[in-house]
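These notes are about the structure you will find just below.
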Amino acid sequence: MNCAAFIVVTTSLLFLTDAVNPYHNTDKDKELQYLMEPPVYAGIKARRGENTTLPCVLRTVPSHYKVKWSKVEPLHTGVENIVLISNGHEVKYYGTWQSKASLRRMHALDISLRLIKLELQDCGLYQCELINGIDEESVTITLSIEGVVFPYQSSHGRYKFSYLEAKNACAKQDATLATYTQLYMEWTEGLEWCNAGWLNDGTVNYPILNPRPACGKDLPPGIRSYGPRHKTKEHYDAFCFTSTTEGSVFYVPGPLNFLEAARACKEKGASLARVGQLYSSWKFLGLERCDGGWLDDGSVRFPIIIPKERCGGITHPGVHSFGFPKKSISLYGAYCYR
Ligand SMILES: *[C@@H]1O[C@H](CO)[C@@H](O)[C@H](O)[C@H]1NC(C)=O
C-alpha cells in the first residue's frame, strides 16, 4: 500500500505481502458475486502529470445498483474520502474530484476509475464498491506514483521542523512528505540518512544501510523508527517525495554568488531549481555534474550518478550537499529549472 499509514514495522515480510497483493477483495470470506476478482495482482504505477485508469469490472449488470469509488488511504481528518457515486446513469462527484476523476465506461461492464493529471498526493489505496440493494462488495487497488525520496534539512540546521513545517518545507521544494512505503522503496535503492525525519503519517524514521555506533548501533540494516511523534512540540528533519517534472534542470557555471546565480537563471528564461526538481532531473533524466551550484532555497548541491575519484572522493551516487553557504560571499555555479 503505497501511501499506507500502517504502523511502522521494518520487517520486509509485511511489506512484501502488501506489495505483491495490493489489489484484493476486501471481504475475504465472501465470493464476489457482482465484481470481477482481478486476475492481475499488481498495483497501478504512474508518474506525475500522467493519466491513469484504476480497473474495476462488473460480472453482470444488476438492475439497480450504485458504484462508489473512494480513496481509503491516506485518510485525511478521519472523514471518508468519496471520489464519486454513480447509479449507472448519473455520476455525483465529491470534493475537488470532478476536475480529476471520471467513470471510464468503455463497455457495459466497465466501472473503472479514470484519473487525469496525476499529482503526488493522488497516490494511495482506492476502493471500488458495488452496492446492490442490501448487498455490497468491493475491491481495492493501490496507485503508486513513481518518484524519488530525499531527506531535507532546514537552513537553520538539524532537527528544526515541526510536522507542519516539514510538510511546508517539502511543498516548497516541489515535493510532498514521503510515505513509509516510499521511504522503504528508496532505502532498497540505496538511500541512507543518519538523521530522523518526518513522514506524512506523523511518524519519524531514518533509513540505514551500514549500522555504526552513531547510526542505529548494531541493529540490522533497515528503517529505524521512532514511531508517531508529537506534531508541534517535537522537531526533526523531513523526508520529501517528488516525481517527474515538466521541465528540466541545467547547470550554469560560476563563479556566482546567490543573487548572481538567480539572475543568471533568469537571463535564460529559467529560475533557480528547487531541491525536488534537482532530484527529479538526477533520477529521471540522468543529470550528473561534479560542480556545486546554488538552488532556490539557498543551498548548494551537485548530482552524481557514477562516483569518480576526482569528484571530491564521493563514494556513492546521489545528490550531495554543501549545506547553506553564505549567500553574498560564497561562489558556485547555478542549477536552473526551465
Ligand atoms: C490526459 O487527459 C486529458 C483529458 O482527457 C488530456 O487533455 C491530456 O492530453 C491527457 N494527457 C496525457 C499525458 O495523455
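Keep in mind that glycine also has a Cβ here, set from the backbone N, Cα and C atoms.
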Cys215 pairs with which of Cys194, Cys240 in a disulfide, per TrEMBL?
Cys194
Over the span of the domain 'Link' (243-338), count residues by DSSP class, listing helix, strand and coil in order.
21 helix, 27 strand, 48 coil
Secondary structure content, the domain 'Ig-like' (38-144) (per DSSP, counts of residues)
6 helix, 51 strand, 50 coil
Averaged across the domain 'Link' (243-338), what pLDDT does the model get? Just tell me the whole number, please.
95
